[in-house]
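Trainee: Below: one structure in structure tokens.
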């Protein structure tokens with residue numbers, strides 16, 4: 001998956017897809033009570049990027065639903081996966097459960113439109129800290145008595161992006177009600193302004209490939225330098241988050257990679273661990 005980073009304006013959806021992305025990351029900002037309010041990253045962010053682009057949450061989710069609904073004039077078949085980078089550090093932790101419920105309602109009614117036929121992209125809920133796990137728990141429990149529980153079970157995955165201990169990550173996911181390998185993505189990375197080793201990525205890949213692991217997919221963020229992309233691919237990641245999707249697309253065409261990797265399509269299940 002080529003994961004377009006910090007896609008927070010409606011027009012950026014097509015911009016990043018046109019550059020070769022098949023996935024986007026969207027930053028979700030919340031009000032002080034934990035209700036989703038708008039798309040926004042804020043400073044600091046990445047080098048050579050504007051950090052303050054924003055949309056009202058309802059407007060962006062409406063556009064995102066259109067872009068991922070077959071038959072809609074704005075449908076883009078390339079967009080198969082959306083990572084919601086949930087900025088849950090801006091409100092009191094006591095509101096985490098209610099915030100997860102509110103976001104579940106937003107997805108059910110504004111993205112899925114209360115229908116099995118709208119908003120087909122797979123979703124990854126990405127939390128910045130392990131102690132925010134009640135957001136995931138609440139999101140899942142919202143659908144326990146819903147007729148749309150099948151969409152939760154088919155289309156929603158989970159990630160913690162804070163580069164915390166992976167053994168503890170497994171424990172916390174289980175506390176949130178997520179079983180081992182139940183749609184678990186594991187990210188590792190840092191702003192593109194700073195070089196980061198692949199040590200933790202390689203550890204995550206080893207867990208993914210272990211018979212007793214809990215991870216389905218591993219991704220690295222945020223890179224676009226040719227050497228960094230090559231190194232990440234050689235480490236066997238499943239996704240790369242980037243500001244320049246065309247760079248990753250071009251690297252995938254190189255002789256060293258063209259027979260080992262291909263761009264994921266909607267037929268590729270992001271919850272299945274790939275076996276070579």
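Backbone N, Cα and C define each Cβ position, glycine as well.
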Trainee: Going by the Mg(2+) site in Swiss-Prot, where 25, 27 are listed, which of the candidates 58, 59, 85, 92 is also part of it?
Mentor: 85
Trainee: Considering the disulfide-bonded residues 45, 47, 51, which residue's Cβ sits among the greatest number of other Cβ atoms within 10 Å?
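Mentor: When each Cβ's neighbours within 10 Å are tallied, 45 leads.
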Trainee: Consider the disulfide-bonded residues 45, 47, 193 and say which one has the Cα lying nearest the Cα of residue 85 (Mg(2+) binding site).
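Mentor: Closest candidate to residue 85 (Mg(2+) binding site), judged by Cα separation, is 45.
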Trainee: Are there any residues at least 6 positions away along the chain from residue 193 (disulfide bond) with a Cβ closer than 8 Å to its Cβ? List them or say none.
Mentor: 46, 47
